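Read the structure below first, then the notes.
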Amino acid sequence: MADDCPVFDGLYDFCSMYTGASLEGAVKLNHNCCDIAINWSGGLHHAKKFEASGFCYVNDIVIAILEMLKYHPRVLYIDIDIHHGDGVQEAFYLTDRVMTVSFHKYGNYFFPGTGDMFEIGHESGRYYSVNVPLKEGIDDASYNQVFKPVIEAVMEYYRPTAIVLQCGADSLSGDRLGCFSLSTKGHGECVSFTKKFGVPLLVVGGGGYTPRNVARCWAYETGLLVDTDMPVEIPYNTEYFQYFAPDFSLHPEVITRQENGNSRQYLEAIVKHVYDNLRMVQHAPSVQMQDVPLDGCTIDDQENELDPDSRLHLSEEDKRVEPDNEFYDGEKDNDKAEDNDVTSSTNRN
Ligand SMILES: [Zn+2]
């Protein structure tokens, strides 16, 4: 274990919980229990098979993707953490079953030091690793100038049947370790854009070292993923409310500490490079028939856990969908005593 991955009390439980959550998300997606699964505690993309690295002990993303590969021929991994998603790239460097696409700061010995645009994969995995190395200070407009065309092209060429999106929040402006200038809205735009393709999606967290901004970013992105408009003002009864001073807003002001080092020409050159490589991917790879291993975990059968003394549990009530042609209670009720004549009963049929 390196200096940045100390052993601490409860480490085993910590790893089990965040990895188990990503794994369960993958299993639920595999069985069509949901369209989008979210695990903000996951996304520890630096961990390697034999090495903990960069605050990451177990690579929950790799484990979740391996689970998804039992049911999906092609999984796309997208990484918008400021650091290169080296652990995930390494795990799938030699295969065409997973395409990894990482957008990250590169250069000046920035951690972990890998992820230049010439790392494209090897053997069967050649052209299935995509790297977008960026310079410090990138803003929303520049980021979207590369993110959207790259992901659009990847979707077109690779045609993934499932996507894992790592949403590291250290790419936000004002991060303690980061040096990008993204706003929560700019970061969230990547989430909305990915969701738009309507492919089964596992969303995980990742880095983020200014906690108040991480909380805002992932709260906002949860709203985007569940199609809910969130109020901009943070509710005053929020725990840790005082941490969100002075603006108490979901969208803190963008603090630009560094000039945007990414010129339009530089970004255009990267996009062109990615296009050229994707053109080498002749068609989306398929998979031969093979034995599918058992699921990595079982989905909890909530029915068994319900309190037998309570008549209708909230989760059961939530599952209940009233058909449009159901009789009403209240104003539209056709069954009121005074209406209960021949005409209303014919209406009912
Ligand atoms: Zn990071």
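Keep in mind that glycine also has a Cβ here, set from the backbone N, Cα and C atoms.
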* Asked: Out of Asp3, Asp4, Asp9, Asp170, which is the one TrEMBL records at the divalent metal cation site of Asp81, His83?
  -> Asp170
* **Of Gly54, Gly137, Gly261, residue recorded by TrEMBL at the substrate site of Asp4, Tyr209** => Gly54
* Asp81 (divalent metal cation binding site) and Tyr209 (substrate binding site), distance between Cα atoms, whole Å -> 11
* Asked: Going through the recorded positions His46, Asp81, His83, Asp170 in sequence order, which have a CB under 6 Å from an atom of ligand 1?
  -> Asp81, His83, Asp170
* So how far apart do the substrate binders Asp4, Gly54, Tyr209 get, largest Cα to Cα in Å? -> 14
* Structure fact -> Note on divalent metal cation: the CB centroid of Asp81, His83, Asp170 has further same-chain residues inside 8 Å, namely His45, Ile82, His104, Gly168, Ser171, Leu177, Gly178, Gly206, Gly207, Gly208
